[in-house]
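J.: Not my notes, these are from TrEMBL:
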TRANSMEM  28-49  transmembrane segment
TRANSMEM  81-101  transmembrane segment
TRANSMEM  107-124  transmembrane segment
TRANSMEM  136-154  transmembrane segment
TRANSMEM  174-194  transmembrane segment
DOMAIN    293-666  domain 'ABC transmembrane type-1'
REGION    433-474  region 'Disordered'
COMPBIAS  433-445  compositional bias 'Acidic residues'
TRANSMEM  500-520  transmembrane segment
TRANSMEM  526-547  transmembrane segment
TRANSMEM  606-627  transmembrane segment
Amino acid sequence: MYNLLQTVFAATRPAQTFFKQSNGEDEVLLFIPAALAVVSALVLFLRVLSSIHTSKRSSDIILRNTKISELNAKDILPYKILRLLSSLVLLGLSGFEVATAQTQTQLILISFVCFYTYATVLSFSSLTASTPRWRAVYTQHVASLYIVVFAIHAYRTLKPLTVYGDGNTHDEQWLVWVRFGLLGVVGAFIPLFVPRSFVPTMSYNIPSPQQTACYFSLLFYSYLDRVIIKAYGVLHLSVDELPVLRVQDSSAVLTAKAFPYIDPVVIKKQSHIFWRLLIVFRWDYFIMAQYQIAQTLIQFLAPFSLKKLLEYLETDRPKLNGTTQPWVWVTLIAFGPIASSLAEQRFYISSTRVMMHLEAILTQLVFEHSLRIRLSPSPLDEKDKEKEKVNYQEMTAAEPIVTPPSEILARTEGDMRDADEGGENAVQFLEAVDNESESDTVNNDDESHPKTKKQDSKDAPVAATKLSAEDKKPERSLIGTMTNLVTTDLEIIKMPAGHFLIIPFAIFQIILSVLFLYMVMGWSAVLGMLTTIITLPVPALLGKLLMKTQKGKMEATDSRVQLVTQNLNVMRMIKLFAWEPKVKEQISELREDELRLIKKGRILDLLTMYVRALLPLLAMVVTYATYTLLMKQELSASVVFSSMAVFQMFQGSLQRLFFILPALLRAKVSLDRFNTFFAKTELLETSQANGTADALPVQDIDPEGEEIVFYPSTYTWTKDEKRSATAPTIGAQLQHRFVLHIDEKLTFQRNVINLIVGPTASGKTSVLMALLGEYLVAHAT
């Protein structure tokens with residue numbers, strides 16, 4: 001037995017050279033595992049204390065009482081056992097090395113014994129912990145520690161193989177390679193291939209393949225292989241055969257997460273919706289930023305390695321001590337594009353998820369907000385309000401032209417509008433033309449018949465002035481705006497929302513490209529960069545024109561959708577009065593304006609595409625011309641091929657930048673439209689969170705009582721019309737505006753039939769809308 005131990009100790013002595021350090025920097029690396037183990041132990045200790053103080057949390061109670069476990073625990077168990085066995089072997093090897101260590105390496109070896117002891121305890125705890133939560137915590141800690149230790153040992157073990165002249169290649173130190181292999185199992189193989197645990201929050205939760213797939217499968221999308229193979233053999237897959245949707249991707253979870261930040265009724269401090277959406281998707285954008293940083297840096301591996309390899313070949317292949325062997329650069333040339341592509345694909349997966357979540361959240365919010373608002377015309381911005389004021393001043397200063405009713409009948413622009421009466425608006429228009437005084441009677445079973453009046457806020461005779469083409473545009477339609485928000489605007493926002501991070505990282509890559517070219521070609525690269533900067537006003541001007549065109553195009557689309565919607569609502573009247581030619585002419589004019597703006601936008605897109613292709617080419621020509629003609633330098637193979645690779649990256653960055661900028665400008669216009677809709681639309685009194693709504697003069701004395709009472713009051717449709725009950729506003733002068741007067745107390749009885757009777761356009765629907773709270777109170781007594 002003694003001779004056997006002597007043989008083993010003798011075999012371990014060569015491995016001790018692994019821990020003999022040539023400089024202090026390597027010694028620091030070997031003490032990192034022990035330091036990380038101490039940090040991990042402190043974190044776990046603090047977490048245990050926090051768990052004791054918060055043991056009454058609902059999540060802990062659910063896990064403790066229901067004994068919920070991972071659904072795929074059996075698949076994970078073999079990997080955990082393998083990690084525990086490997087930890088025990090590594091601990092035993094470290095103990096042998098301490099027993100035979102020399103004085104200068106004993107302290108390092110003892111630190112490794114402490115580390116492997118702690119890792120073994122964590123591996124055992126990840127198997128025996130009472131709750132899935134703590135099993136996951138222990139697994140994360142031990143996996144993270146082993147990944148770091150494996151990286152340190154890989155650096156020290158493989159570094160001698162990458163350079164010439166280093167005799168310490170560990171050819172006879174088999175124990176070093178055994179330790180390195182075991183660390184590869186626990187620090188690389190198990191973290192990459194162990195399935196991820198899934199603990200259901202509800203008893204009916206079914207995991208998606210994406211939630212239980214290992215990291216290797218996520219990286220190469222092999223968790224989708226079964227679905228793809230199954231789909232290959234059939235014409236189509238049913239919904240039940242598709243992978244289960246993650247709980248985090250369901251509409252209920254998304255709205256619960258996002259609405260506290262973007263719902264205009266819930267939030268107290270109003271800000272632009274762009275900043276609120278950034279808060280909602282902050283972690284998604286953080287992860288996407290990590291992928292972009294990795295992709296940007298890894299892309300420079302290939303040109304840098306190509307330059308080093310060509311320099312090695314140009315200098316007659318030297319084998320001096322410390323010279324990097326060529327196989328390293330060949331490996332990096334192949335590894336760079338692969339790793340960059342993997343990071344890019346992970347970025348696109350995350351960005352696509354953000355796009356889909358954004359579409360679901362905004363669609364749900366628009367639909368919910370549409371149920372809270374008053375269906376009045378869309379809010380005007382400050383420029384439109386100023387234009388309307390100027391137009392009204394011009395109209396009042398002009399001499400009115402009294403138009404006979406027969407000629408007014410021939411005009412239909414704006415004459416089929418009155419949101420409070422729906423399909424009766426055409427009849428109202430005819431009665432307004434004839435200047436009939438409108439009155440109505442509301443009959444009630446138990447009350448005398450109080451009179452209500454629905455009066456036109458503009459007295460007869462009907463007067464008109466000469467309107468410009470801009471004034472003839474239909475009134476802004478809230479319904480048309482909502483339709484475009486959930487269709488056109490949402491599609492415009494989706495792509496930039498998932499890819500706008502490309503802009504800062506494209507700029508970052510351009511800066512790195514210029515620095516690399518400066519290292520290779522000197523100040524000629526600076527001139528190429530200056531050429532690009534000088535020509536930047538051209539795409540900036542194109543972007544400004546594109547943004548202006550997009551705004552006009554969306555306004556034209558709103559007008560067309562509004563007019564089509566209104567005409568469909570009164571199609572019976574259009575047929576009755578033979579207005580088809582006039583309606584067709586109106587829609588055609590609006591469509592022509594829209595097509596003109598679409599064509600202008602496409603031309604600007606085409607010019608932007610030409611510019612983004614020419615600017616990198618111009619910068620490359622200036623750089624090479626300066627390097628050869630002014631600097632009188634020779635274009636060697638290492639300079640030409642490495643710089644061309646970087647110029648290709650520079651061109652790709654500019655093209656991505658110019659591709660995303662027009663889409664971002666269009667998205668800015670659409671986001672402003674969303675922001676206007678959420679912030680400036682008029683809420684119903686029951687939907688206002690600040691409690692400042694006007695009190696309705698409808699008093700339900702007792703919710704369980706028999707009467708609903710109206711007191712004498714005046715109602716209007718919009719806030720701008722509240723002043724028009726006594727003095728018409730600008731908007732009231734420009735259009736037919738109506739107010740509802742209730743002159744006496746009006747009572748409705750519960751649980752009986754209440755009849756509201758009166759002639760057409762007398763205000764029957766208006767009384768019902770007032771009962772529902774759709775009308776604003778202009779005046780109450």
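Backbone N, Cα and C define each Cβ position, glycine as well.
Describe the structural context of each listed feature in the structure shown, including burial, neighbouring residues and relevant distances.
T.: Within the same chain, residues 19, 21, 108, 111-112, 114-115, 118-119, 122, 137, 141, 144-145, 148-149, 152, 155-156 sit at least 6 positions outside the transmembrane segment (28-49) and bring their C-beta atoms closer than 8 Å to a C-beta of that stretch.
Panel annotation: around the transmembrane segment (107-124), residues 19, 27, 30-31, 33-34, 37, 40-41, 80, 83-84, 87-88, 90-91, 94-95, 97-98, 101, 138, 141-142, 145-146, 149 of the same chain, lying at least six beyond its termini, place a Cβ under 8 Å from a Cβ of the stretch.
Here the transmembrane segment (174-194) has long-range neighbours at 11-12, 14-15, 18, 76, 79-80, 82-83, 86-87, 89-90, 93, 143, 146-151, 153-154, 157, 214-216, meaning same-chain residues at least 6 beyond its ends whose C-beta is under 8 angstroms from one of its own.
Note on the transmembrane segment (526-547): residues 514, 517-518, 601, 604-605, 607-608, 611-612, 615-616, 618-620, 622-623, 626, 654, 658, 661-662, 665-666, 668-669 of its chain, located 6 or more positions outside it, place their CB under 8 angstroms from a CB of the stretch.
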